[in-house]
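Peer 1: Reproduced below are the annotations present in TrEMBL:
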- 405-414: compositional bias 'Basic and acidic residues' (COMPBIAS)
- 275-373: domain 'PH' (DOMAIN)
- 480-549: domain 'PID' (DOMAIN)
- 405-431: region 'Disordered' (REGION)
- 450-469: region 'Disordered' (REGION)
Amino acid sequence: MPAVHKLLLEDALQDSPQTRSLLSVYEEDAGNLTDYTNQLLQSMQRVYGAQNEMALATEQLSKQLLEYEKQNFTLGRGDEEVISTLEQFAKSVEELNSLHAELTTQMANRMVFPMVQFREKDLTEISTLKEIFGIASDEHEASMVKYSRLPKKRENEKLKAEVVAEVAYTRRKQHQASMQYYCALNALQHRKRAAMLEPMLGYSQAQMNFFKKGMDLVSKKMDSFLASVSSMSQSIQAQMDSEAEAMRLSQRELLSADDTVYMPDRDRDPVNRTLIQKAGYLNIRNKTGLVTTAWDRLYFFTQGGNLMCQPRGAVAGGMVLDLDNSSVMAVECEDRRYCLQITAPSGKTSIILQAESKREYEEWICTLNNISRQIYLTDNPEAVAIRLNQTAIQAVTPITSFEKRLEGSPHPDRGSPQAPSTPQPEDLIAPGTPIQFDIALPASELLDQNRAGGRRTNPFGETEEDCSSDADDPLLQQAFAVRFLGSVAVRAGHAREVIYEAVRQVLAARAIHNIFRTDQSLLLVSSSCLRLMDPQTEAIRITFRLRDVRQFAAHQENGRLMGVVVEGHEEEGPSTFTAFVFESDTEGEKICYTISLGKEITEAKKDPVALAQLIKSMPLTNDGKFLLLDDEAGGAENGAGPEDLESEA
């Protein structure tokens, strides 16, 4: 090692300019060393902090690896092998953490602490001695100034002795301070070299010890484990690559499809009318005020007999409506296409939905109708739905005018033996029987007929000769607001089941052929006949004699539906029976009660005594008529407009 220049202690007393110049060099060197030492200590403290953070991080990593098993991932089936591997990794990381903690301690003791000690002991001592040396030099200079000002007179000998003593004291003090200062600066030249090497020696030894123990840990305990994990990772990567390739091929195949896949209302598949479950996005109309509405696009699906709805982001869906015995129909709503309405059996609850395409629209109507019939409760609902759909298609051939009625409609078989207690549908209505949907002409055409003085010919052969004085009937006159849904020829007219089957087939036909528009009418019940009238013009659309009404009943499940079976008389051949299906704004039982009362009055008119007893047993109004339910004619006449209404059946 080369010789180190030093300050000579012999020159301290003389304190020459040359000595001061050399001293300034040593002081500058000490200042630079202080700055460098502070920067080096900061770097060492940063390394120590990083190592300490590494120890804390590996400890946290070990704990977090053990938390994987406690996450209970929903899609985590088959992760047992991964869990066991992570537990083994956690143990290894914990052992590595102990090595990191030991390395952190060694860095603190053998690298950071020596550098801190060098800065606080040696460099701080140099700074303190420099201050003392400066003070002593200033005091010596002040005493020399006093000594230089001493006068020549002898009477000042005492003052001269005091100044001389002061100069001697300050010079001795400066001499001692300078020698201590020079010794410290000379020693610093050797101490700084050792101070720079000792911390790095400790750091290197700590790292070597850490790597040595780490290699022992890896080579003895983790070689086989890491090899198995590596093979497992490669296997998982191979599976992932295979799956990614399959997804790429599937994506390429899906993207190669025609652009019509992305276009709404371009479905090429036929409508499936036998579904008992369906799901998809629909728009639902919600009221936002007294007269304002808003449409929301939500995901709907059927579950059992319920219609469910699930907004986006929701965990589960909620029930919107119970579909059992509900009615589904197409409606015109706010100039939107493909709208359908679902009405509860009570008629108090209804919702309006909009489908995206015609196919979705028809499938939703058919599916909801199938669920409404509770097909899903049968043992084989798919087979039942297919059978009912085939029967409905064979049984419905819509006819838009009575003038186009087919010849040879089925006739009742009166000579057949008594029907069983539970007749089959084919025993009540012959398969393939056509269904008619327009019982009368529109109101505008009726006005033309009334102006011309003409009278419409009854297509079923009924006459109005017995109903001419109906307006003057002093006993019974009751009007009901109804909508005609359809009529069908039946085989018999004395069983209520024929009405229930006629209602079912008429509703199925309307749903299949999307015929839902109906005209509002007034059904006037008197003691002699039934009249269907136009609510605006009061023109008579059709008349049935009460004695020809063989059966009448309200639907078992939807009380707003009712039907009547009318016997038709032909000139040649046996009589025919036709079932007429209506939807009322009130309960069908009220209409049936009124018709029953009218038939009782008709029978009682034959016997004056019986008629008097009937009048006596029933409450009467002030004008002598039978007191029935509240008259609905006024409300129907006022509420019905010229526009067509939609059936809720």
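Glycine too: its Cβ is placed from the backbone N, Cα and C atoms.
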Peer 1: Restricting to the domain 'PID' (480-549), report the mean pLDDT as a whole number.
Peer 2: 84
Peer 1: For the domain 'PID' (480-549), DSSP counts of helix, strand and coil?
Peer 2: 20 helix, 32 strand, 18 coil
Peer 1: Mind tallying the domain 'PH' (275-373) by DSSP state, helix then strand then coil?
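Peer 2: Each residue of the domain 'PH' (275-373) counted once, the result is 15 helix, 50 strand, 34 coil.
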